[in-house]
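> I'd like to ask some things about the structure below.
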Amino acid sequence: MSDNVDATRAPRRIGKPASRISRLFESRQLGWAAFVIAVLFPFVLASNYAMSIGTTAVIFILLASGLNIVVGYCGLLDLGYIAFMAVGAYTSGIVSKAWDLPILFTIPAVLVMCIMAGLIIGGPTLRLRSDYLAIVTLGFGEIIRLTANNLAITGGPSGIYGIPGVSLFSLDLSGPVPFYYFCVVVVALMVLGSARLGRSRLGRAWRFVREDEDAAEAMGIHTYKVKLAAYIFGAIWGGLGGVLFAAHLSAISPQSFVFLQSALVLMAVVLGGMGNTRGVVVGAVVISLLPEFLRDMGNLRYVIFGVVLVAVMVLRPQGFWPSRAYEPEKPVGDADDAGPAPGAPVTTAKGMTP
């Protein structure tokens, strides 16, 4: 061989379009784009009905991001997550009505009650296996609903009415558009907080526990405390969602916290991609808005809604945009740097002689 052989670079294979789209949705600019769309939404659809639907979707995003901490990050199946929302909503409603306080002043009491609820349900049950834990959480959700349905302080089946709207100092934010913007800002901060938790040291511990609890224990991670922390953070997110829900409707009742709501929040997490904040946000938007787009079809909308969900889960069983831990391994031939194509010249170094 000659001393000056030109190195031939192997042609770079172009990955599948799906992988390029996946990388696009992993970009940081996507979050800012979603925030801008949420801010511009009232300028496109400013009716009270549209604002109510948009506010409900934003609150649903908060609930999904909270459940993602429990299910997506830590791998704990929770079938009664809506109970934490009920705790937050009833606490804010009772405190604001009893002491005639603005609803934002009830947040400290809501945080205390949600932390206590997380400790009560998580403390004795987190040592159980995942399937038994799911049954216990399902029962916890029903216990909270039935308790609210039978206590005088919670208004019984009629619930609590006349819950004050949000006001900040002398600024009234109870109108449809101001309250929508307030929810967008609060939920954006909470979603960012959830994402930061996932990237923190505690978040890495959650992922270790999710992947292999025995191995995590052998590495020195106190798995019980780590799982309990996930439950407490999830309870706080759900409780704050309950505060926004109570302020939005000005009335709450036990029928607002049935098992179907827990199932829909869990569906948003699974559909969007467990452990991926961006995917969970997209899943929450789809689950909350798709039935409204199909409302003109009457009862047929539930059939279409179910068919769409089944199709998505068949085509994308890991969700729209799963976290990397849930993504299936790519075949060698699908990788971008899989090496030279068949028949392509091999790279050689200069100065080598046979």
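The backbone N, Cα and C atoms fix where each Cβ goes, glycine too.
Those TrEMBL annotations? Automatic predictions, nothing curated.
Sharing the features that TrEMBL gives for it:
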TRANSMEM  30-51  transmembrane segment
TRANSMEM  57-90  transmembrane segment
TRANSMEM  102-123  transmembrane segment
TRANSMEM  179-198  transmembrane segment
TRANSMEM  228-251  transmembrane segment
TRANSMEM  263-290  transmembrane segment
TRANSMEM  302-321  transmembrane segment
REGION    330-354  region 'Disordered'
COMPBIAS  338-354  compositional bias 'Low complexity'
> Do we see three or more Cβ pairs under 8 Å linking the transmembrane segment (179-198) and the transmembrane segment (57-90), pairs being at least 6 apart in sequence?
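Contact between the transmembrane segment (179-198) and the transmembrane segment (57-90): present.
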> Contact between the transmembrane segment (57-90) and the transmembrane segment (263-290) is defined here as three or more C-beta pairs under 8 Å separated by at least 6 residues; is that satisfied?
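Since 3 or more Cβ pairs under 8 Å link them, the transmembrane segment (263-290) and the transmembrane segment (57-90) do come into contact.
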> For the transmembrane segment (57-90), which stretch among 30-51, 102-123, 228-251 has the most Cβ pairs under 8 A?
228-251
> Same-chain Cβ contacts of the transmembrane segment (30-51) under 8 Å, 6 or more residues past its ends?
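Result: 24, 58, 176-177, 179-181, 184, 188, 278, 281.
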